[in-house]
Each structure stands twice: as structure tokens, then as C-alpha cells.
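Chemist: Quick one: the structure is below, and I'll ask about it shortly.
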Amino acid sequence: MANSRSARKRIRANERKHVRNRGVRSSVRTYVGKARQSLLSLEPGNTVDVEEQLKAAVRALDRAAEKGILHRNNVNRRKSRLTAMAARLIRAASEGGEHATELRAAAAGGAKGRGRATTAAKRPAAKAPVKAPKAAAKSPAKATSVPKTAAAGSGAAAQPKKK
């Protein structure tokens with residue numbers, strides 16, 4: 001719990017900002033989701049609705065960046081990916097054919113559509129078991145028979161550590 005008046009005031013202000021930020025982020029997700037859905041259900045010759053949805057999503061992203069809710073680099077990256085996806089799908093829809101269907105399926109697939117590795121491909125190969133060092137292969141009686149003080153050479157460095 002906050003002890004000073006200013007700390008209590010900061011808590012109240014942070015709560016107000018949290019509610020506002022959550023609402024703006026939610027609306028951004030809604031607009032971007034609607035734009036993606038309209039892109040995925042794009043039909044040849046019907047690009048007007050898609051362009052309106054795209055403009056609304058870009059406007060919502062810009063508003064969130066202007067208010068400082070989302071970082072401007074994050075907003076720019078999301079706008080870039082969204083417009084690139086729109087350009088690909090609109091071009092494919094105007095050409096028609098199976099290419100548009102393949103692009104739509106790739107865009108709906110998320111990370112698979114962007115050419116990123118799947119989780120199985122990201123995993124490193126299994127490592128071979130590590131062999132024991134040669135010093136450890138010797139008998140344990142020989143290794144422990146030499147006292148620590150004699151092995152270290154100086155009495156100050158060889159004192160046992162306190163817990």
C-alpha cells in the first residue's frame with residue numbers, strides 16, 4: 001500500500017490510464033482483426049470495403065501511437081505488414097485463380113504464411129552425452145587424499161568458506 005499522498009495519487013492516475021489504454025488497445029485489435037478478415041474474404045472486384053477497413057485500422061493504430069499507448073515502431077511495423085498483406089491479396093484477387101486461394105490460406109496461417117520456422121524446426125539438435133574428464137576418471141581416494149591447504153600453496157586462500 002502506498003504511504004504518501006503523491007503515491008496514492010499516482011495509483012489513482014495509473015488506474016485511470018490503465019482503463020483508457022485497455023480500451024484503446026482493444027479497439028485497435030478489433031479494427032485490425034476486421035481488416036484482416038475482410039482481406040481474407042476478399043473477392044475480385046470488391047476492394048472498396050477492404051480499403052475502408054484497412055484505412056480504419058491504420059487510423060486506429062496511428063491514434064494509439066499518438067496517445068503513447070503503442071510504441072510508434074510497433075505501430076509502423078503492424079501497418080507495414082497489414083498493407084503488404086493487403087497489396088498481395090488485392091493483386092492476387094485481381095489476377096484470380098488458385099494463386100489468390102493459396103495466398104489467403106498462407107495469410108490465415110499466421111507465422112506459417114510469413115515463412116517463419118515452426119517450433120519443431122527451431123529446436124536445436126540433440127547433443128551427444130558429455131564424456132567425463134580424465135581427472136574424474138581416477139580413483140576418488142587419490143583425488144581427495146591431498147589436503148586443500150597443501151594443494152593451494154598459501155594458507156589464506158585455502159581457508160574453508162563460511163556458510
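One-based numbering along the chain as shown.
Backbone N, Cα and C atoms are what each Cβ position is placed from, and that goes for glycine too.
Found this in TrEMBL, in case it helps:
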COMPBIAS  1-23  compositional bias 'Basic residues'
COMPBIAS  116-163  compositional bias 'Low complexity'
REGION    1-24  region 'Disordered'
REGION    94-163  region 'Disordered'
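Tell me about the surroundings of these features in the structure.
Modeler: Long-range contacts of the compositional bias 'Basic residues' (1-23) within its own chain (CB-CB distance under 8 A, at least 6 residues past either end) are made by residues 69.
With helix defined as DSSP H, G or I and strand as E or B, the region 'Disordered' (1-24) counts 20 helix, 0 strand, 4 coil.
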